[in-house]
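Student: Please see the structure below; I have some questions.
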Amino acid sequence: MARHRNVRGYNYDEDFEDDDLYGQSVEDDYCISPSTAAQFIYSRRDKPSAVEPVEEYDYEDLKEFSSSFVNHQLSGIDQARLYSCLDHMREVLGDAVPDDILIEAVLKNKFDVQKALSVVLEQDKVQNLKVRSEGAISTGKIAKGKSIDSQSSQSESEIVPKVTKMTVSGKKQTMGFEVPRVTAEENGHSFHTPQKGHSSEDTSLVSSDALESASKSALPSHTIQASEEQSSTPTPVKKSGKLRQQIDIKAELEKRQGGKQLLNLVVIGHVDAGKSTLMGHLLYLLGDVNKRTMHKYEQESKKAGKASFAYAWVLDETGEERERGVTMDVGMTKFETKTKVITLMDAPGHKDFIPNMITGAAQADVAVLVVDASRGEFEAGFETGGQTREHGLLVRSLGVTQLAVAVNKMDQVNWQQERFQEITGKLGHFLKQAGFKESDVAFIPTSGLSGENLITRSQSSELTKWYKGLCLLEQIDSFKPPQRSIDKPFRLCVSDVFKDQGSGFCVTGKIEAGYIQTGDRLLAMPPNETCTAKGITLHDEPVDWAAAGDHVSLTLVGMDIIKINVGCIFCVPKEPIKVCTRFRARILIFNIEIPITKGFPVLLHYQTVSEPAVIKRLISVLNKSTGEVTKKKPKLLTKGQNALVELQTQRPVALELYKDFKELGRFMLRYSGSTIAAGVVTEIKD
C-alpha cells in the first residue's frame with residue numbers, strides 16, 4: 001500500500017510550475033540591449049514570408065468542368081477522340097481558353113481539329129493572349145538598360161514581333177510555328193520582323209519563339225548577330241509532342257539500312273529437328289556471334305553434358321531452355337544478307353508450345369521449315385501427331401506464302417541423294433495441298449552442326465556431285481519482301497510489356513500497318529486508354545520513327561502499366577480499331593476427330609492473343625473454290641469443310657476485317673491441344 005500512498009500524496013504542482021511554449025519567443029527575466037537583439041535575435045516581422053499561400057481550386061469550377069462532359073453523353077471511343085482533340089488544341093492555345101469552349105467547338109465540328117481551332121480563334125478571348133504577350137515583350141525591352149524616354153520614342157510596330165501563322169490543312173495536320181527572324185542594329189537596338197504573305201485560311205497565334213527572340217534584346221548586339229548567323233541555316237524542328245516535323249516515310253525507308261529491304265523470317269519444324277543449332281551456326285558464320293562468346297557456350301555445354309547444343313545456346317538464352325534442350329519461347333535476333341535485313345524468329349517445335357509458335361508465325365513474312373533427314377526422325381515428325389504437318393498448315397493459314405525447306409542432318413545419312421529425294425517428294429506433295437505454290441518452295445540439304453551449305457555452297461564432293469542449287473543464306477536473300485501497309489492507319493500488336501528504368505513503361509511488338517513518330521498520341525484497345533510514345537527503339541537502337549514491318553519497343557507515358565496486357569493493339573485515336581465479343585468469320589476445318597456443332601468451345605489465337613471462345617452459330621457451308629453457299633444452317637461441320645460461322649469470346653477482342661487489314665484479319669482455332677481450323681474475319685457484330 002506504500003506505493004499507492006506515494007502516488008496519492010505526490011505533488012503534481014511542481015511539474016506544472018512553468019509552461020513550455022514552443023514556436024514563439026518568450027521574454028527572459030533579464031533585459032537585452034537593442035544592438036545585441038538586432039545581431040542575435042531573429043525577427044519574423046521584418047522578414048518576408050518564405051512560404052507562399054497555396055492557391056486552392058474552386059470547387060464550382062471543377063464541378064462546371066466535369067459537368068461539361070456529363071451534358072454530352074459520349075461513348076468510350078468518342079471520349080478518346082475528344083481527349084485527343086483537346087490535347088492538340090491545348091498545345092496550340094495553352095490555358096488561355098476555357099475547356100468548356102474547346103469542348104463545345106470540338107463537338108459542334110464533329111471532332112475536326114482544324115475547324116474547331118478556326119472557330120475558337122475567331123472569338124474575342126484570343127485577344128487576351130495577345131495582350132499578355134505584348135506586356136511580356138515590353139517588360140523584356142525595359143531590361144536592356146536604356147532610358148525610359150528613349151524606349152518610348154520607338155514605335156510599337158518596331159518592338160512587337162509580328163504574330164506568326166499556323167496552317168492546318170490536309171488529312172495529316174502539322175502542328176508547328178513559323179519563327180520570325182530577329183535582326184539587331186548596332187545603334188538603335190531595334191527589332192525588325194520581315195513581312196510574309198499569309199493565306200486566308202491561316203490562323204493567328206502568338207508564337208512562344210517570338211517571345212524568346214524579344215527577350216534576347218537584353219544581350220549585346222554582337223551576341224545577337226552571332227546567334228543570327230547560326231540560325232540562318234534551316235534546322236529541323238525537334239520531334240516532340242508539341243512541335244513535330246512530318247517526314248516522308250517512303251523516302252526515309254529507302255534511305256534506311258543502306259537501301260536493304262526488311263524481311264521477317266520465322267524458323268519452324270518438329271522438335272529436335274535442329275532449328276536452333278542451324279540458325280545459331282548461321283549467325284556464328286556470319287560474324288554476329290564473336291569467337292569468345294562461342295567458346296564460352298562450347299565449354300558450358302560440355303560441362304552440362306550437351307556438347308552438340310553449343311550453337312543452339314546462341315538463340316536459347318534462358319536457363320530452362322538450355323537445361324531441357326528445348327526451345328520454349330520465340331527467340332528474336334537480326335542479321336543481314338547482301339540485299340536484305342532479316343529479323344529472325346526461332347519458334348519452338350514442341351507441341352506444348354504451339355501458342356508461342358503461332359505468335360511468332362503471325363509476325364513473319366517468310367519461313368524456313370527445318371526437317372530431320374535421319375531415318376525414323378523425319379517420319380516421326382511428318383506422320384500423324386508430328387509437328388511438321390501442323391507447322392506447315394499454320395504458317396500458310398497465317399499468310400506466309402514463301403517457304404524454304406532445310407533438310408537438316410544430311411551428314412548423318414552421308415548426303416544420300418535418294419534420302420533427299422524421298423523427303424522432298426513427300427513434303428512437296430503435302431505443301432502443295434496446304435496451299436503453297438511449287439515455285440515458292442525450295443528444298444536445301446544442310447547440316448547445322450558442321451555448317452555445310454549454310455552461308456556458302458558446299459565443297460563436299462558427296463553433295464556437289466548431285467546438288468547444284470543455292471545455299472541456305474542465298475535462298476533467304478532471294479525471298480521477295482511483301483508490300484507494307486504504310487498508308488493505312490497505325491496498328492501495333494503488343495507481344496510483351498515490361499517496366500523501363502526511367503519514367504513510363506515499354507511495350508514490344510510488330511507494327512502491322514502505318515507508321516509512328518516520337519511524341520505521337522496513341523490509343524490502346526480494348527482498354528480504351530490514351531498515352532504518348534516517348535521513345536522508339538528498333539534493334540536495340542533509339543530511332544525517331546518506325547514503319548510497318550518493324551519490330552519495335554515503345555516507351556509510353558501517360559498510362560498505367562496495369563491496364564496493358566499482351567495482345568492489346570495500339571492505334572491512332574482518330575481511326576481506332578474495332579473492339580467486339582461477337583463476330584462472323586469464314587473458317588477452314590482441318591483434320592478433326594470430333595465434328596463441330598453449335599456451342600463448340602475453342603481457343604481463339606489471334607496475333608499474340610489467346611482467348612477462349614464459343615461457336616454460337618453455324619450459318620452456312622461454302623464451296624472451297626467459288627465461295628458459294630452449298631448448305632444453310634448446318635447442324636455440324638466435319639473435316640475439310642469451308643463454312644461461315646459466328647463466334648463469341650469471353651472478353652472483348654480488338655479485330656479488323658480481313659478485307660481491310662489482312663494482317664489483322666486472320667486467326668486460328670485450337671481445341672484439346674491441336675489446331676482444328678483457320679479463319680478470316682468477315683463481319684464484326686458487337
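Cβ coordinates are placed from backbone N, Cα and C, and glycine is handled just like the others.
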Student: In Swiss-Prot, which of the ranges 269-276, 421-428, 525-532 has the region 'G1' annotation?
Tutor: 269-276
Student: Select from 130-133, 346-349, 390-393 the stretch of residues annotated by Swiss-Prot as region 'G3'.
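Tutor: Going through 130-133, 346-349, 390-393 one by one, Swiss-Prot flags 346-349 as region 'G3'.
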Student: Region 'G4' per Swiss-Prot: which of the ranges 292-295, 408-411, 516-519 is that?
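Tutor: It is 408-411 that Swiss-Prot annotates as region 'G4'.
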Student: With Swiss-Prot as the source, identify the stretch among 4-23, 144-163 annotated region 'Disordered'.
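Tutor: The listed stretch tagged region 'Disordered' in Swiss-Prot is 144-163.
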Student: The region 'G4' (408-411): which same-chain residues, six or more beyond its ends, come within Cβ distance under 8 Å?
Tutor: 273-274, 278, 370-374, 377, 419-420, 445-450, 452, 463
Student: Where else in the chain does the region 'G1' (269-276) make close Cβ contacts, counting only residues six or more beyond its ends and a cut-off under 8 Å?
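Tutor: Counting only partners 6 or more residues beyond its ends, the region 'G1' (269-276) has Cβ contacts under 8 Å with 311-312, 314-316, 326-327, 331, 346-351, 369-372, 377, 380-382, 386-388, 391, 408-409, 448-449.
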Student: Under a three-state reduction of DSSP output, how is ASN408 (GTP binding site) classified: helix, strand, or coil?
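Tutor: DSSP call for ASN408 (GTP binding site): strand.
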Student: If one looks at the chain holding LEU449 (GTP binding site), which residues at least 6 apart in sequence have a CB under 8 angstroms from its CB?
Tutor: GLY274, THR277, HIS281, SER308, TYR311, LYS409, ASP411
Student: What counts of helix, strand and coil residues does DSSP assign across the region 'G1' (269-276)?
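Tutor: The counts are 2 helix, 1 strand, 5 coil.
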Student: Should LEU449 (GTP binding site) be counted as helix, strand, or coil on the basis of DSSP?
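Tutor: DSSP call for LEU449 (GTP binding site): coil, neither helix nor strand.
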Student: If you average per-residue pLDDT over the region 'G1' (269-276), what number do you get?
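Tutor: The average pLDDT of the model in the region 'G1' (269-276) works out to 87.
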